[in-house]
Every structure is written in C-alpha cells, then in structure tokens.
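Asker: Per Swiss-Prot, substrate binding site is recorded for Tyr15, Gly42, Lys109, Tyr132, Asn188, Asn293, Arg389, and the stated evidence type is sequence analysis. If you look up Swiss-Prot, you'll see Tyr72, Ala108, Lys109, Tyr132, Asn188, Tyr219, Ser247, Phe248, Ser249, Arg258, Asn293 marked as pyridoxal 5'-phosphate binding site. The N6-(pyridoxal phosphate)lysine annotation in Swiss-Prot covers Lys250, and the record cites sequence analysis as its basis.
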Amino acid sequence: MAQINENYLKLPGSYLFSEIARRVNEFKVQNPDADIIRLGIGDVTRPLAPVVVEAMKQAVEEMGRAETFRGYGPEQGYDFLIEKIIANDYAPRGVQLGMDEVFVSDGAKSDTANFQEIFGVDNIMAVTDPVYPVYVDSNVMAGRTGNYDTEKGQYGRIIYLPCTEEGDMKPELPTAPVDMIYLCFPNNPTGMTLTKEELKVWVDYARENKAIILFDSAYEAFIREEGVPRSIYEVEGAREVAVEFRSFSKTAGFTGTRCAYTVVPKDIMIYDSTGEGHSLNKLWLRRQTTKFNGVSYPVQAGAAAVYTEEGKKQIQATIDYYMENARIIREGLQEAGFKVFGGVNAPYIWMKTPGTMGSWEFFDKLMTEAHVVGTPGAGFGANGEGFFRLTAFGTRENTEKAIERIKARMK
C-alpha cells in the first residue's frame, strides 16, 4: 500500500491564488458580461523587451544548426550570463562575487521553495507575517513546521514576526533563537523596504546566532528611494549568513519565460549534529546537479540581453511603466480614503480594509461591486487579516479604470 507524505495533509485546502481563481471563475459564470479587472496575482502584462526577443531568436537559430547546437548546459548556468549578473547587479555596489557563487535557475519561487531541503527538519524557522505563502508551504511539506492551528491561523513550530500598522509593516527581531530567517525586501505583499541600517540589525543577529537569512530580493529593480539597499550583501558581514534570491520575472517580464538566480556565498557555513561546519555553497551545488538540468540556452541568452545598453533602457522603461501604475493606485486609494502602504519602492500596494471588514469579505465586495480582483491579506498570514494587496502589473488602461471604479463604488 503506497503511503503519502502526511505533511501534505497539513497544508491549506488550496494554494492562495488557486482559491482566488476559483472564486473569480464562479463569479464569471454567474455574471458572464462582467468586465473583470485583475490586480491580484503578480503576473506582468508588458511584453519581453525587443532586445531580449532578438537574442532569443538568434539563440534558437543557433540551436537549429549542427555547428552551433548546444545540448545539456551547465547546471549552474552559462558563464556568459553569470559574468553579466556579477558585473551589473553586484560590482557597481561594491559587492564582489565569484562565478561559482551564482546559480542560474528557472525561478525564485522554485529556489525559495527548494532551498529549505538542505536544512534539517528540526531547524526553527522565522517568517514575517504577512508572508509570501511559498516560504511557509514548502517547509510544511518538509515536516518542519508542526501542525496548523486553525484558530490562530499559524503553524506550531514557526516563529512569526508580525508586520503591523503600528510598526510601519516592519518586523522586529525574534525573541527566541531561530535557525532560518525568511526576509523579502522590497516586501511582498506589503511593498515596504528596510534601510541599510535596519537590515544590518538582521545580519548582526544572524551572525551572533549562527542563523541563515534567506533573502528574497526579487523586486529590487523597483526601488526608487536613496538609502534603500539593492542587495543584502551591501551590509557588512552578510556574506557569512545570507543567501539572496533574484528573478528576471518582474524585472524583465520573464514570468512565462522562466529565469532567475540565487547567490550562495562560499563564506556561509551550516552545521551538522556534532557542530562541524559544512559549506552551504557546496551543498546547494550538490543539490542542483542532482535535481536540476539548468535553464535552456535561448532563455539564458535572452536574460543576458537584459544587461546590454539597449536592454537596460528597454527594461527601465517597463519598470517605470509599472511604477507609474503603482503611483496611480496608491494616490487613488488615498483619495478614496483608504490607508495604504508600499507602492513607492515596490509594485505592490497594501491597503487597509474598511472598518472591521475581513479581507476575504472585502475581496468579494470589490469583485461584485467594482468588478476588480485583488488579493486578500489573510492569504498571506494571520497578520494579513484586515488588509488587501493590489499589484501594479496591469495595463495602464485597466489600472486607471480599476481605481476609478474603486473611488466611485467602494467609498
């Protein structure tokens, strides 16, 4: 008799965005003429940059000729892309990385979910609350989180770090020792950021406690303000304790193309039961070479084109487009009387629901009355209740239309 990994039974009934899709589809069946505007899941709407498309075309043509055909590529990524990543994303900020410290992958979602495999199941993990669900769910699957408390909306062995309105949506250090710390800045879902000084507090904590920070930096390209670090490695000592995840998905429109990278400095040590230290970099390389065959050559060629002079201009134009959407959403919600966070250094706007209205209740009201779909804060954790996320990744026309509807129908 085949038996399941019973940790899967501890997961919520459906993934957050699957539940949203179910409710939207049900509403559309009942209201086929409704013009639904989706500002929920963080998928992009702008096409790939022309320079990226051209690079991918050329790469595909190479794959069609025997003399330039490429089979299995290096699991860690092609050197031509890794060199550009280091030279453009890190060196200008004074961060020195080795070629073997960057791992190209098919997405930050899969990397943030898979990285926990290296850690023992007895490690204590900490997450901000609200939080991107993948961090929690992947650890539930591994058996690291304990059982789910339906009353609290939390797992028994996770240390939750509340991000509250009173605390400006920024987490405080854990009061109990932890081994794994998930941080995402600019933050999904709140859109908030940390200063270099605030981030240093976390790095210092990790160094003192031999903890490891799993730092999701997927939205760094959207940072607008001075003084906000683009990489955790801008903080002294971070190379000893932090893994950084980045993605081309939102930056360059690769949500359907799939390319990202993870930085694992060779300075980071992880310990066995005897206290002996082992290289986290080597363990991740071992994991990747066993379970991953690398990102396709045409996709990596497209990603490398992002770093050309023309590529940088085209990508920046797309980022500017989305951040103008963010401004429209943020200012429109404020005009309508809503309390909002984010939308300045990130493409997410985190709004407080009216009065004591629950976030799923607000979801249904917004969909039925304004025909606008967002993401209920409760889907990101217990401390997300009473809040709601809108994204700036829609088209300009739909973004403006959605805000006008909210201002007219949701006061």
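Just so it is clear, glycine is given a Cβ too, placed from its N, Cα and C backbone atoms.
Any idea what these are sitting next to in the structure?
Answerer: For Tyr132 (substrate binding site), the number of other Cβ atoms no farther than 10 Å from its own Cβ, over all displayed protein chains, is 23. Secondary structure at Tyr132 (substrate binding site), taken from DSSP and collapsed to helix, strand or coil, is coil.
Counting every protein chain shown, the Cβ of Tyr72 (pyridoxal 5'-phosphate binding site) has 8 other Cβ atoms within 10 Å.
All protein chains considered, the CB of Lys250 (N6-(pyridoxal phosphate)lysine) has 26 other CB atoms within 10 Å.
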Asker: Based on Cα coordinates, which of the following recorded positions are within 10 Å of Gly42 (substrate binding site): Tyr72, Ser247, Lys250?
Answerer: Lys250
Asker: Quick one: largest C-alpha distance among Tyr15, Gly42, Lys109, Tyr132, Asn188, Asn293, Arg389, binding substrate per the record, in angstrom?
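Answerer: Across Tyr15, Gly42, Lys109, Tyr132, Asn188, Asn293, Arg389, the widest Cα separation comes out at 35 Å.
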Asker: Highest CB neighbour count within 10 A among the binding-site residues Ser247, Asn293?
Answerer: Ser247
Asker: I want to verify one value. Collapsing DSSP to three states, which class is Asn293 (substrate binding site)?
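Answerer: Asn293 (substrate binding site) sits in coil per DSSP, no helix or strand.
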